[in-house]
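As recorded in Swiss-Prot, the features of this protein are as follows:
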- Gly10, Leu11, Glu12, Gly13, Ala14, Gly15, Lys16, Thr17: ATP binding site (BINDING)
Amino acid sequence: MGSNYIVIEGLEGAGKTTARDVVVETLEQLGIRNMIFTREPGGTQLAEKLRSLVLDIRSVGDEVITDKAEVLMFYAARVQLVETVIKPALAQGVWVIGDRHDLSTQAYQGGGRGIDQTMLATLRDAVLGDFRPDLTLYLDVTPEVGLKRARARGDLDRIEQESFDFFNRTRARYLELAAQDSRIRTIDATQPLDAVMRDIRATVTKWVQEQAA
């Protein structure tokens, strides 16, 4: 399908929206303009309804969403987006810039929730097969910094209201996974914004040039 699926990952408040803008600007400077944007969960009618269910704290009233129900909703939304939007776009040579993908589930549910990692890997492989992003930019930020930024934006969703311990476990799993996969590039998002933007530009530029070589 070509090397044109880039995903941006990170904790709440890591700066994913700013990073997306920098990625787009960098790609355009490299002559790439045929792009679409996705977010997870979401991106299709079904996936957006699932997003509301899993993130809106009021969506199911007083009913507690179990950890396994949560992860299955994420995967239902993901496979719908991948099969109906992402794969068709990639097949047509369109670049896809994604706000989150499967790494989020491996980190949040595997790290934060403590769901068995073998089960998550099996579920991922059953649902997605060998489909993976070509490049993932992981914006690394401490929960203290990230949640301070997120809370400054206003209302928090169901997952954003989790404890610092939850986000520390999530971050630890992100870092562990990033160290295991060369397709994941870690960006220090605790730096001043100019430095973060510089690192993103440099990483994307180098990667695109490597793919073209």
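Even glycines carry a Cβ here, placed using N, Cα and C.
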Query raised in the report: Within 8 Å of the centroid of the Cβ atoms of Gly10, Leu11, Glu12, Gly13, Ala14, Gly15, Lys16, Thr17, which other residues of that chain place their own Cβ, given that this set defines the recorded ATP site?
Result: Ala19, Leu139, Val141, Gly146, Arg149, Ala150, Ala189
Query - For Ala14 (ATP binding site): DSSP state (helix, strand, coil) - result: coil
Requested in this report: Show which residues of the chain containing Ala14 (ATP binding site), separated from it by at least 6 in sequence, have their CB under 8 Å from its CB.
Outcome: Leu139, Asp140, Val141, Gly146, Ala189
**Report entry** Least Cβ-crowded entry, counting other Cβ within 10 Å, from the binding-site residues listed as Leu11, Glu12, Gly13, Thr17
**Finding:** Thr17
Report task. Might you list, by sequence position, any residue in that chain lying six or more from Gly15 (ATP binding site) with a Cβ less than 8 Å away from its Cβ? Result -> Leu139, Val141, Arg149, Ala189, Leu193, Val196
